[in-house]
Amino acid sequence: MKIKHRKPQNLPLLPVTKQRRMMNQPGKWVALVAAIWIQAFTGTNFDFPSYSSNLKAALGMSQVELNYLAVASDVGKAFGWCSGIALLYFPLWVVMLMAASMGFLGYGLQWLLLQGIVSLPYSMVYLLCLLAGCSICWFNTICYVSCIQKFPTNRALALSLIVSFNGVSAALYTLMANALDPNDASLYLLLNALVPLIISVVTFFPILHQPPAQLSSADATRNDSLTFICLYITAVITGLYLITFNSTPSSKYGAQLLLAGAFALLLVPLCLPGIWSTHKWLFRIASTGLRSVLHFRFNLVNHELQQELIPIETERSGTKVITPFDYKEKESISWKMMGKENLTVLEEEHSAKMLVRRLEFWLYFVAYFCGGTIGLVYSNNLGQISQSLGYSSLTSSLVTLYSSCSFFGRLISAGPDFMREKVHFARTGWLALALVPTPIAFILLAASGSEIALQIGTGLIGLSSGFMFSASVSITSELFGPNSSGVNHNILITNIPLGSFLYGVLAAVSYDSTAGSSNQTAAALGDVVVCIGRKCYLQTFIWWACISIIGLASCFLLFRRTKPAYDRHYESNPNKT
């Protein structure tokens, strides 16, 4: 009998789609590092206390008028939703250049004002502060959208990582200013105008080249988690470096060396994913060659069996549509959500109209308004707080302390994602726990005006508000849908300008009224009245403590209402975020 031989077929060990996906892996990590750099150098609102006294003296303003300028920067964030709309019509890199241009104009003209080159009315300076604040929010939206698109599985880890680096902006700008001229506070405005523009140019090509996102396999997700662990370790080292050496007095030359070390640490995240991806790529190339030889011999013996494996392998390697979670689960229960009072499903998309009808949103809004925003207002007033307590020389170190603690608070917000396989606890519950230090800090500040109390209180507020700023991005995505987060999160943070205005006016009115009383006034800045003594901010600290307790209570109610949805999500998706 004549045996008919079939032509052996060369079956690649790695299908084409897997090979392309593997080649695109470094692309998403480069995009992540670009987002890290953008966040690290665009938190320009945090260094406002460093030059606020100079701005106050240049315009001859009262404390209330200075507070309005701080509010203007936050009011710019109220227009952050425009960035989400812009992304519907323009690519990411166009929106990024628009954000850089707004910051360059907003901060650049203010620097010219302090240099005496131009003369601007108060109303124009207000508009410039508003424009600068708007640029910050646009940068944030760009980074959030990029990470949500590139890391659909490890979205929370990516967001917490990039947002954490926004907390070191003040420390980096302090290093840069000290490296150039420690005695010129106006340098902060010049750096705020130029550095984000330079970073936008540097990260232009990673943002321009956005590889299409692919749904990761279980092995790829596990490997990504290991890479994230390395990146978080690097972030912790960066934060410890900045908080340790930045608080140590140094000369101009010493500041330059510290700045070089900080830049070197910021380059490390770019190397880690590249080394990891190259290692996996070389290993797979070697294993592919070896297994292809073995496969050729095996194909002659058991060709029929391989024919059965072809469609299976093709089916497994085929491109899938990215969905936030299991489609069957979504089909069975997601559309029932609107008929119930409580939120029962996570990651359900909400339009803006649906969002404002949700009680969960308003509880979330109040928690942010009375928790994270009040910490931001405290940081805006750090310059005057330290001055009133007699610690003017500590202003830069206090700003760095707040920035560094905010950085670590943002990093800690990623803890639940690393413990998700062992501890199933609602992210809103973690948020409630993170808000506990805020009222404690304000009570401590009201009880004592010592240097150590000021440092501890500043650190606690920075830690708590940093956690809120980072976790809120992931919570918004989970509660109201990842695809709508670009607009919904900007709606949420409209509480920032509102809170900045109300809390700031409360502090400024108390400050000016106390400055007018006996034994509390000192003319330290020409015609500008400066309040000296503990009483300047005593009432403010008491009010802020009470308000932060309201925020904590609101966050606890949010946790109680969303806990069933998180429990159901963990039961049906035990290995997902």
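Note: Cβ is positioned from N, Cα and C throughout, glycine not excepted.
Here is what TrEMBL records for this protein:
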{"type": "DOMAIN", "residues": "28-273", "note": "domain 'Nodulin-like'"}
{"type": "DOMAIN", "residues": "348-563", "note": "domain 'NFD4 C-terminal'"}
{"type": "TRANSMEM", "residues": "124-145", "note": "transmembrane segment"}
{"type": "TRANSMEM", "residues": "157-175", "note": "transmembrane segment"}
{"type": "TRANSMEM", "residues": "187-205", "note": "transmembrane segment"}
{"type": "TRANSMEM", "residues": "226-245", "note": "transmembrane segment"}
{"type": "TRANSMEM", "residues": "257-276", "note": "transmembrane segment"}
{"type": "TRANSMEM", "residues": "361-379", "note": "transmembrane segment"}
{"type": "TRANSMEM", "residues": "391-413", "note": "transmembrane segment"}
{"type": "TRANSMEM", "residues": "425-446", "note": "transmembrane segment"}
{"type": "TRANSMEM", "residues": "452-471", "note": "transmembrane segment"}
{"type": "TRANSMEM", "residues": "492-511", "note": "transmembrane segment"}
{"type": "TRANSMEM", "residues": "541-559", "note": "transmembrane segment"}
Give the one range among 157-175, 187-205, 226-245, 361-379 whose Cβ atoms make the most pairs under 8 Å with those of the transmembrane segment (425-446).
361-379
PLDDT averaged over every residue in the domain 'NFD4 C-terminal' (348-563):
85
For the transmembrane segment (157-175): best-contacting stretch of 257-276, 361-379, 391-413, 541-559, by Cβ pairs under 8 Å:
391-413
Long-range environment of the transmembrane segment (452-471) - Cβ separation under 8 angstroms, sequence gap at least 6:
159-160, 163-164, 166-167, 368, 371-372, 374-376, 378-379, 382, 385-386, 389, 391, 394, 398, 401-414, 427, 430-431, 434-438, 440-442, 444-445
Beyond the flanks of the transmembrane segment (492-511) by at least 6 residues, Cβ under 8 Å:
62-64, 66-68, 70-71, 73-78, 80, 137, 361, 364-365, 368-370, 373-374, 376-377, 380-381, 384, 388, 472, 476, 531, 536-537, 539-540, 543-544, 547
Of the listed stretches (187-205, 226-245, 361-379), which one yields the highest count of Cβ-Cβ distances below 8 Å with the transmembrane segment (124-145)?
187-205
